[in-house]
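Per TrEMBL, the feature 3-methyl-2-oxobutanoate binding site maps to 45, 46, 84, 112. The Mg(2+) binding site annotation in TrEMBL covers 45, 84, 114. Look at TrEMBL and you will find 181 tagged as active site, proton acceptor.
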Ligand code: KIV
Ligand code: NA
């Protein structure tokens, strides 16, 4: 089976066929995710929470992401591999370039960066140098201390407009994908329709081009802390592989997310 590329995802957007994304941090899960047909694997800085037991993503380093990227990249060939740029990895342009180089050389095909229009130059620079960028908007967990918690973003009209404007500006800068986290479903649809690049959602409703979840969340491993937008796909299935395949199928057929998972 041929590898998933950004062009594949653009094609899915154009044919209105959603693609599936999951986080992955280790070889065992990455193998199962590939076997289940998952299109994109994200080595997210959520690994700070689910792998390291931290209370936020802030302690995660470039070396942490690179280590887990190698674990995933080593055993997969079909999925597109995306790696998160961790907190403060870009205190200067040279740091940004070095961090991105480390992640690409660890096996990532693209980098995901949190932030708004202030990331314009960084995204243009990376794109020109052969590092495609996914920009993460809405609830950006590296800003948890600005937000005062993990809260839905874009509920008031000014915030919503800023998210739309940021998405358009960063698409202009060269962003190849936009990821929206925890925004009202109607806003996500508006952003999706304003752009030409694929839009991935998490807690952003059904009207986007791809869905992503943290793999531990969708296997029911995160207990009471499970957010509203998560569904436990292991329920009713006999194995992790079947749960991952059920998630893939639900995303592609747009039966996930349902109303109960949306804001
Ligand atoms: O770190 C992560 O897992 C993420 C996803 C939740 C989008 O950024
Ligand atoms: Na992340």
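Cβ coordinates come from backbone N, Cα and C, glycine included.
Recorded features from TrEMBL, shown on the structure.
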residue : record                               : CB count, 10 Å
45      : 3-methyl-2-oxobutanoate binding site : 28
46      : 3-methyl-2-oxobutanoate binding site : 20
84      : 3-methyl-2-oxobutanoate binding site : 31
112     : 3-methyl-2-oxobutanoate binding site : 21
114     : Mg(2+) binding site                  : 22
181     : active site, proton acceptor         : 22
Cβ under 6 Å from ligand 1: qualifying binding-site residues of 45, 46, 114: 45, 46
Close-lying recorded positions around ligand 2 among 45, 114, 181, where CB distance stays under 6 Å: 45
Cβ-centroid neighbours of 3-methyl-2-oxobutanoate site 45, 46, 84, 112, 8 Å, sequence order: 23, 42, 43, 44, 47, 57, 60, 65, 83, 85, 86, 136
Residue 46 (3-methyl-2-oxobutanoate binding site) to residue 114 (Mg(2+) binding site) - Cα separation in whole Å: 13
Per DSSP, three-state class assigned to residue 46 (3-methyl-2-oxobutanoate binding site): coil
Inter-residue C-alpha distance, residue 112 (3-methyl-2-oxobutanoate binding site) and residue 181 (active site, proton acceptor) (nearest angstrom): 13
